[in-house]
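Notes for the one structure printed next.
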Amino acid sequence: MTDSHAHLSMFPKDQRRLLLDEAQEQGVSRVLVPATGREDLEEVAHLPEELDSGVFAALGFHPHQASELDSGWKAKLEKLLALPGVVAVGEIGLDYHYMNSPKEDQLKAFRWQLRLAQEAGLPVVLHHREAWGDFVVVLQEHPGIRGVAHSFTEGAEGAGVMVGMGLYVGISGMVTFPKGENVRAAVRACPQERLLVETDAPFLAPVPHRGQPNRPAWVRVVAERVAQERQVTLAELEAQTDANFTRLFLEREKPA
Ligand SMILES: [Zn+2]
């Protein structure tokens, strides 16, 4: 099984190995770790080398930190993408909920990082919150972009929009929340070859672990609920989401 989105860098250094071992015991053998900005970019870039072969990295500036993506950080980001185990640009996108960076800065950073990914031949890990209209418009400006809309919350229709653009839909522990009917609707509507599962650890712990720091091992709880919603076995769901992860992140297209 694969946790397609876990912020291992947000856990103390001495816990990371233990979290991966615990995940492995639950059959979770691969974890993609997205960076969020200047505090963790370099650290995340080196995690695949430091930890093991099942750990991959996505490098980028989260919309909260979009204002800090200056020319120096752009150069650093471009350079770090070449490290082994770095398989995507992310997480990037738009978040109009907190507005930690002004909208204009978010749009600029999002567009620049989408171009960077296309030039590097890499997929993207996309974050969206309360910015759906602009999010879709900016993605439409980049035809052919490959990637996943992580912790997807926009329901069946939104999932259709993502799939129509060739993107994948990432399902988090929100699928288990009582108020997660929009997420469950997306799960049921999405073609199975476009679904990924994730924890977004340390955030969004699934029922029955809500309120605790989330951990990669609990992607199994997410996958169980997704399988139940789709009325398939966990084994089938696991095989399909694993294959989807491999296709999206590990069979990379070489830049022209
Ligand atoms: Zn995240």
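We count from 1, first residue shown onward.
Using N, Cα and C of the backbone, Cβ positions are placed for all residues, glycine too.
Because TrEMBL annotations are produced automatically, they should be read as predictions rather than curated entries.
What you are looking at is a predicted structure, and each value in this text was computed from that prediction instead of being measured.
Straight from TrEMBL, the features:
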- His5, His7, Glu91, Asp200: divalent metal cation 1 binding site (BINDING)
- His127, His150: divalent metal cation 2 binding site (BINDING)
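Projection of TrEMBL feature records onto the structure.
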residue : record                               : DSSP class
His5    : divalent metal cation 1 binding site : coil
Glu91   : divalent metal cation 1 binding site : strand
His127  : divalent metal cation 2 binding site : strand
His150  : divalent metal cation 2 binding site : coil
Asp200  : divalent metal cation 1 binding site : coil
Using CB atoms and a 10 A radius, I'd like the single residue among the binding-site residues His5, His127 with the highest neighbour count.
His5
Rounded to the nearest angstrom, how far is the Cα of Asp200 (divalent metal cation 1 binding site) from the Cα of His127 (divalent metal cation 2 binding site)?
11
Taking the Cβ of His7 (divalent metal cation 1 binding site) as centre, how many other Cβ atoms lie within 10 Å?
19
Looking only at C-alpha atoms, tell me how far Glu91 (divalent metal cation 1 binding site) is from His150 (divalent metal cation 2 binding site), rounded to the nearest Å.
9
Could you say which of the binding-site residues Glu91, Asp200 has its Cβ with the most other Cβ atoms inside 10 Å?
Glu91
Which are the residues of the chain, His5, His7, Glu91, Asp200 excluded, whose CB is within 8 A of where the CB atoms of the divalent metal cation 1 site average out, their centroid?
Ala6, Val33, Pro34, Val125, His127, His150, Ser151, Glu198, Thr199, Ala201, Phe203
Quick one: pull the CA-CA distance for Asp200 (divalent metal cation 1 binding site) versus His150 (divalent metal cation 2 binding site), whole Å only.
9
Other CB atoms within 10 A, centred on His150 (divalent metal cation 2 binding site):
26
